[in-house]
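Written below as structure tokens is the structure these notes are about.
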Amino acid sequence: MKSWKVKEIVIMSVISIVFAVVYLLFTHFGNVLAGMFGPIAYEPIYGIWFIVSVIAAYMIRKPGAALVSEIIAALVECLLGNPSGPMVIVIGIVQGLGAEAVFLATRWKAYSLPVLMLAGMGSSVASFIYDLFVSGYAAYSPGYLLIMLVIRLISGALLAGLLGKAVSDSLAYTGVLNGMALGKELKKKRKRASEHASL
């Protein structure tokens, strides 16, 4: 993180803290749903727990953004009283690594919507493998597991990838991300649009 700007670190930290609160709220909501419909009820909302990794990576576009943001969010969640306790930090690392692996595959150079959705799906796969070995998912039938995985993949793509991009773009339009990678990209797009309009 030596090449990171102070503004990048501050904004990433603030966003991670905000989403830590969101994560905790969804944890309680998910527990209610699971109590009513079983563990599969978590899957449609699972992608929300990956969103900060996509937002941070998309805004900053530097190695480690996806992973570090998830770790910060998990640490704050732990302090706020997540039912999983310190294990939520391990979960955050797993989820962050899943997203980071996708950006690594592009050498941190591609941040299109498909890549962001794949990052959400990467977290889905990583977290699902974790759940198989740690959360007792291995006890479920193969068919049930397949349905859970498919739903989680879709949730990761939509709630982390698509929604994460929408949130980031909205922040960029406010000007708060000026000087950061996404803010610079938006500035260039506006300049090109202005030049095109003047022709």
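Every residue gets a Cβ built from N, Cα and C, even glycine.
Away from its own ends, the transmembrane segment (9-29) comes close to residues 1, 45, 48-49, 51-52, 55-56, 59-60, 65, 68-70, 72-77, 80-83, 176-177, 180 of its chain (Cβ-Cβ under 8 Å, at least six residues beyond either end). If you look up Swiss-Prot, you'll see 9-29 (among others) marked as transmembrane segment.
Residues annotated as transmembrane segment in Swiss-Prot, with sequence analysis given as evidence: 40-60 (among others).
What Swiss-Prot lists as transmembrane segment is 63-83 (among others), and the listing cites sequence analysis.
Feature annotation from Swiss-Prot assigns transmembrane segment to 85-105 (among others); the stated evidence is sequence analysis.
What Swiss-Prot lists as transmembrane segment is 114-134 (among others), and the listing cites sequence analysis. Residues of the same chain lying 6 or more positions beyond the ends of the transmembrane segment (114-134) and with a Cβ under 8 Å from any Cβ of it are 46-47, 49-51, 53-54, 57-58, 66, 91, 94-103, 106, 145, 148-149, 152-153, 155-162, 164-165.
Here Swiss-Prot flags 143-163 (among others) as transmembrane segment.
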For the transmembrane segment (85-105), distant same-chain residues with Cβ under 8 A (at least six beyond the ends): 49-50, 53-54, 57, 63-71, 73-75, 77-78, 111, 115, 118-127, 130, 160
